[in-house]
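Read the structure below first, then the notes.
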Amino acid sequence: MSIGFTIPVVMLSHGSVPDPRSAGMIILCFLITGLLNTIFAYFFAFTVQCLMVRYYKAFWETGRQADAEKGQEQHTPRLPTPANPLCKGSPTGSSLTMRLDCSTESSEADEPTPQHATDLQSRRSPLQDALRSWALDNPVLLLSWFLTLSIGLPLRYCSRNDVILATFLIFSTWLTTLAIQAAITRTNHLPPHLRTILSGLLNPVLCTSLAMIAYVFIDADLSHRPLSVMLDTLQTHTPLSSLLVRPANMNTTTTAVPQAPLEVKRMAAGDIATTLLNSGLVAWGLKLYAHRAHLFSRGGLAVVAVSSCLALANLAGGPLLARAALGVTSPLPVALAFAARSVTIALADPVMGILGGDGGLNAAMVVAGGIVYQIGLGLGVGRWLEAVVVEERSGTQGADGGGQVQGAKTAAVTGQQRANDPRVVAAGVTVGANAAAMGTAYLYEARSEAAPHAALSMIALGVMTVVFSSIPPLSQWVVRSVGA
């Protein structure tokens, strides 16, 4: 779903380039507000959660006997997992992997290896085996590039159809970056620290955005078209939701006065990517439902309260800081864009419409914040978030079935403790309120306990920002204060 974040970055080329001083002040204000939001979100959420659990002193102990017995009564132990499953998922962790790594120990013991198969394996070089394995692991990537070169390019230069080429190209670039990132993570030829740095810097959103910007400029130069025209072919602001809710009688008239035919817009490559982004945000509702026990705990209440305070502080303080404290002399919409600097794009658009802020700059700041957090987390800044999960997993596994049952007895107690742990709650609020969907997606990929809190914080921050900006006295005061 993060592929949709590449479009706002590309669309920054649509506007006029600010002077160096204004651009520098905007970047400086972005960094300062991001640092202040990070510090304030973490320590405020940590303090609120500590206050909410201060009467539950047993929470800070290693275990509670009463809750352990209750969890033991309600828990149904699972059957022990076989020590040697026949088939298991590929350890690469790639979303493009469609092959199963099946154990061949039993087959090798029962059936002899044919002689011709042994000869073929001896004649194949390691490079051929590596290429064959890579092709089997990335069929979607190969298909995407095949369609780009065999269908997208011919249609572009024969019928001047930019939509198909741009669509195939954005997905091909995205999948290529993911494959390279996964290969760097798995390789043993690089030091672990260097692997972490390279995989973090090869951010798919950043690389795909740069590739699409290069495509737009190159195609505009080769076709002798203005840059604005090329960007209009990349996004028509017609996602799938707009096509579905379009009235059925939009092309019919009920009056005798002739009317001009309405222009029917079609989806472009950017609209397809935006549709995937919006669909992913809706699908996160299922993730929230799966973790409803965490969200309806004291930790969930603290997340909503802290996110509401952050929304009000950003709405009122962000534009004032950008306009007054740092002296941003750009037009008024530039300063108003900081009112929702870390609100996910789907919810920041109505806020910019109400206040009159610069939607392109706001989207760029949201994407930039997500990229910074993803790279930082990938470089190990949030590695302790994964450490607590690994520690919990190791505690629930044993050498035999008895160890698994013993770990299952404390699963409910451990889950409740982790749901209300101030460190987990504060980390989730910090990532969700500053990195929006990109940071939350990273926590889900890392299977962090803070991921549900991050998703709830992201949604609560966006919703409360829309609610606060919809209050006329407050929104008018913000615009008037920034304008003064």
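Note: Cβ is positioned from N, Cα and C throughout, glycine not excepted.
Among the features that TrEMBL reports, region 'Disordered' is placed at 69-123. According to TrEMBL, the transmembrane segment annotation covers 25-48, 140-157, 163-184, 196-218, 301-322, 334-355, 424-444, 450-471.
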Residues of the parent chain within Cβ reach of the transmembrane segment (334-355), under 8 Å, 6 or more residues beyond its termini: 4-5, 8, 18, 22, 26, 29-30, 33-34, 37, 277-278, 281, 311, 314-315, 318-319, 321-323, 328, 361-363, 365-367, 369, 433-437, 458, 461-463, 465-466, 469-470, 475, 478-479, 482
Ranked first among 140-157, 196-218, 301-322 for CB pairs under 8 angstroms with the transmembrane segment (424-444): 301-322
Positions whose Cβ lies under 8 angstroms from the transmembrane segment (25-48), at least six residues beyond its ends: 18, 302-303, 305-306, 309-310, 313-314, 318, 321-322, 326-330, 334, 338, 341-342, 361, 365, 368-369, 372, 422-423, 425-427, 429-430, 433-434
Same-chain residues at least 6 beyond the ends of the transmembrane segment (140-157) whose Cβ lies under 8 Å from its Cβ atoms: 96, 98, 164-165, 167-169, 171-172, 175-176, 179
